[in-house]
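Have a look at the structure below before the remarks.
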Amino acid sequence: MDIQQQPMEAPRLLSGWMMGSAGTQENHDILWDDVEHLPSAAVSFLLIALPLSLLLPVMANFAGNAYGNRIIAGFIAPSWERLLLILAWELLMVPLLAGVAHLAGRFFQVPMNRRQAFLVVTLSTIPLWLASLALAVPSLIFILITGMVALALSSYAMYRCIRRLLAVEDDCLATLFCGVIMVCALPAWTVILALVLIH
């Protein structure tokens, strides 16, 4: 598979998940096969995590300059130092959560290599990264609702990744596996939200 086509596969796969029966089972399987063949953890990190992690700093800067107090009292565009901190924290979360996924795999006796751990984390985080676009709307309620919806979609995406990428057939096991990772991810994303909104 041409590596230049790989950045398109994760969004297409996520779209396939969310649309449910909109596509044929054959097309759905093709999307999974494309993503499963990303060659390494570094590729999934560079082609998925890195570009999507840029969304939040860019949108936070835009919202602060364009709307400011219309979102929340005292909200301003974060400093460049804070924007870099947000980006660094987003990127750091990927290997940290991949490590959590790997440890959870050992605990639940689910075979998983480093590439699979990174794929599970990066693919399931796509809804949360895309939720940054909600900052284009000057409404704190809208932003928070979008974040909660993205969190639910992220949990569902992780569950699907665990079932497909790790070949976990037991529904209860897949749910527990997903829950362990999400419990660790939630505080990390709470810190990011605080970095964006609280100055």
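Backbone N, Cα and C atoms are what each Cβ position is placed from, and that goes for glycine too.
Values in this document were obtained by computation on a predicted structure and should not be read as measured data.
Here's what TrEMBL has on this protein:
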DOMAIN    39-189  domain 'Yip1'
TRANSMEM  41-62  transmembrane segment
TRANSMEM  83-108  transmembrane segment
TRANSMEM  128-153  transmembrane segment
TRANSMEM  173-198  transmembrane segment
Remote residues contacting the transmembrane segment (83-108) - C-beta distance under 8 A, at least 6 residues beyond either end: 41, 45, 49-50, 53-54, 56-57, 60-61, 114, 117-118, 120-122, 125, 129, 166, 173, 176-177, 180-181, 184-185, 188-189, 191-192, 195-196
Residues from the same chain, set at least six apart from the ends of the transmembrane segment (41-62), whose C-beta lies under 8 A from its own: 3, 6-7, 10, 77-78, 83-84, 86-87, 90-91, 94-95, 98, 114-115, 117-119, 122-123, 125-126, 129-130, 132-133, 135-136, 192, 196
Surrounding residues of the transmembrane segment (173-198) on its own chain - C-beta under 8 Å, 6+ positions past either end: 56, 60, 71-72, 75, 78, 82, 85-86, 89-90, 93, 96-97, 100-101, 104-105, 107-108, 110, 120-121, 124-125, 128, 135, 147, 151, 154-155, 158-159, 162-163, 166
Segment-level pLDDT (mean, integer) for the domain 'Yip1' (39-189): 90
For the transmembrane segment (128-153), distant same-chain residues with Cβ under 8 A (at least six beyond the ends): 18, 52-53, 55-56, 58-60, 62-63, 66-67, 70-72, 90, 186, 189, 193, 196
